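Student: When I checked TrEMBL for this same protein, it listed these features:
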SIGNAL    1-18  signal peptide
DISULFID  C28-C34  disulfide bond
DISULFID  C349-C378  disulfide bond
DISULFID  C428-C450  disulfide bond
TRANSMEM  542-563  transmembrane segment
DOMAIN    592-735  domain 'TIR'
Amino acid sequence: AWQVLALYMVLAANLSKQQDLKQACPSCDASQLCNCSSMGLDFIPLGLTAKITELNLAHNRIKHIRSQDLQQAVNLRALLLQSNKISSIDEDSFQSLVKLELLDLSNNNLAHLSPVWFGRLSSLQHLHLQGNWYKDLGKSSPFSSLRNLSSLSLGSPQFSVIRQGNFEGIELLHKLWIDGSNLSQYEQGSLKSIRDINHMIINIRSINIFSEIVRDLLHSVTWLEVREINLPLQIKSFVQNSTPPFRIQKLTFKEAFFTDESISRAIVLLKEITSLKELESIDCVLEGTGNWDTKSISMSGQSFVETVTIIRIIVPNFHLFFDLDGMESQTKKLKRLTIASSNVFMVKCNLARHFSSLLYLDFHDNLLVNNRLDETLCEGSWPSLQTLNLSQNSLKSLEHTAKCTSRLHKLNNLDISLNNFGEIPDVCEWPENLKYLNLSSTQIPKVTTCIPSTLEVLDVSANNLKEFGLQLPFLKELYLTRNHLKTLPGAAPIPNLVALSVRRNKLNSFSKEEYVCDSPLAVRGAQVGTVHLSLIECHRSLVVSLVCVLVFLAILLLVAVGYKYHVVWYLRMTWAWLQAKRKPKRAPPKDVCYDAFVSYSENDSEWVENTMVQELEQACPPFRLCLHKRDFVPGKWIVDNIIDSIEKSRKTLFVLSEHFVQSEWCKYELDFSHFRLFDENNDTAILVLLEPIQSKAIPKRFCKLRKIMNTKTYLEWPVGEEQQQVFWENLKVALKS
């Protein structure tokens, strides 16, 4: 008995913890993904189990992580604790999380990092520690045991020191982000222990420390992204005693500040990194007018960079910017150039002619206008150019724009979308090899023979087109989305078309003689006009959807009817009756363990447990009562518990009250018990009326209980003490009978 009681207590404790977890974080109920973010939690909720694989506790008020908090979550793969107030972590808090792959502790109050925290996290791939209060990483490496680490983020405005050995144990990283905006001390060689870094991001302001870090990374980093740096006039060499071959191929400056002098010096020094192929500038500021030291730049030799991308550069005096005369020698090897959202209004013809290797040019979202386009796209400019993007500028004349691009003899891809042309002429002059043309969102009202017949891809989406009837024999893709078309274009003028997009138009007809069917398979290849399909074949999706809706409505109707007429109750009763019928009518005498099974409402438990149980179980001789709270087997199905308890009891004692007939618990007990009690016409039922109750208050579906209350004598609990003694005597006699 004590073992059963102990098991029951353990199960009850686990159930209590699960209830605590469900209350603190409702999404954790029966789910592998537990989202408890932004719930105002002050601690990690109790009841976490091995079934949880992802736990999100971000944006709460947690201050401390205890040893036992995550002990049972052994299958956790992602643990998100960012943006809390965590200032302390017990050293063995993460020891059971051997399957953890992602740990985010960013934006907390951690003043130091302990290597013991990560000692057992052998599967960890992503670790985020940025935005905390620690000033350094300690005197050794906190990450020495993280052999599978792929991405690491660390640092903060308080982070000031990087020491040798801080990154020991890490050999390969896909991404490393260091917020070192206030980094004041860097021991040379600290980052050399990492052999291979695909992408490194560093927020840094000190140019001296930046130069030292670059020297350490020349042989390990593929893409270096530098943020918030303010390049001074004097910049030390990035290479010094380092010897090629170098690995760094891409360098990005983001939110950096340049002057004419510092950018001139940087161009010279970057040529020393012979592996560098791509330069990128995003959201930077250039305080100058383009008065660069072109003499020093030219004397420093040819650049190895092939791709330059400049996005949203801010030049306060852009209207005074020089034409960069003297930079012609630096453009010859450039293959891809993007200058977007940067107020470019013109490129001098002489400079444009020196981009002899350029294949791709992107000037989208600038200030290019037609009266300066002759200078930017002059004869002999951009001699190798194949792709040109002039979208989202201020071009107004399609005829003039086409004529300017016709000077680019190798051009085959042209994007001039999002310019307000408004009109389209009948004849235009285009590059002779043009294959792709994007005229979407240009306000053209129609298409004419201005469109070149050499095209393979044409996009005229989001215009005011009402029809499309061009002869384009080589066209393979046509995009007509968001126009006013009422009929599909004829198939004969575009015989090689393989892709046609006509979404969001006003289509109501097409040429049945020109189009052929693709599906169903039985009519594939036949002309549309000769095929006659049934309604179901034509609208199969609609028919299937309609059937599904009808089935859903029928199910909904059945559920509503079942709820109203208690169908579920009758099904449960039938199942209980079948279960009971399969067992013998009465248990053998040796299996009878109790004098009575007591059925009562939880609201009446005080009278039952403190009054009736004491009176009967302390009588002489004592009666043995079966109570569901005390004697049901934990974990056993309630149906079996009730039936077994009734069969092992000589009598069944019902404590009737208003609470009883309204209680869900008692309803189910009656569901699964009154079949056997009343169906056998035996005399095992004893009714105790705890308070006056009318038989009509009993639910109608308990018809036999209503009948027995009308035909069978029941004991009524009296108010006076003298009558109560008589009540107990009568109850004991009934139990013994």
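Placed from the backbone N, Cα and C atoms, the Cβ positions cover glycine too.
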Student: Radius 10 Å, atoms counted are CB only; among the disulfide-bonded residues C349, C450, which position scores highest?
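Tutor: Within the set of disulfide-bonded residues, the most crowded position is C450.
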Student: When you tally the Cβ atoms that lie within 10 Å of each candidate's Cβ, which of the disulfide-bonded residues (C34, C428) has the highest tally?
Tutor: C34
Student: Of the disulfide-bonded residues listed here (C28, C34, C349, C378), which is spatially closest to C428 (disulfide bond) when Cα positions are compared?
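Tutor: Result for C428 (disulfide bond): the nearest of the disulfide-bonded residues is C378.
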Student: Can you tell which of C28, C378 has the most other C-beta atoms within 10 Å, given these are the disulfide-bonded residues?
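Tutor: The residue with the most neighbouring Cβ atoms within 10 Å is C28.
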Student: Closest to C378 (disulfide bond): which of the disulfide-bonded residues C28, C34, C450, going by Cα position?
Tutor: C450
Student: Nearest by CA distance to C450 (disulfide bond): which of the disulfide-bonded residues is it, out of C28, C34, C349?
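Tutor: Spatially nearest to C450 (disulfide bond) by Cα position is C349.
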Student: Pop the Cα-Cα gap between C28 (disulfide bond) and C349 (disulfide bond) into the table, whole Å please.
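Tutor: Pair distance, Cα basis, whole Å: 65 Å.
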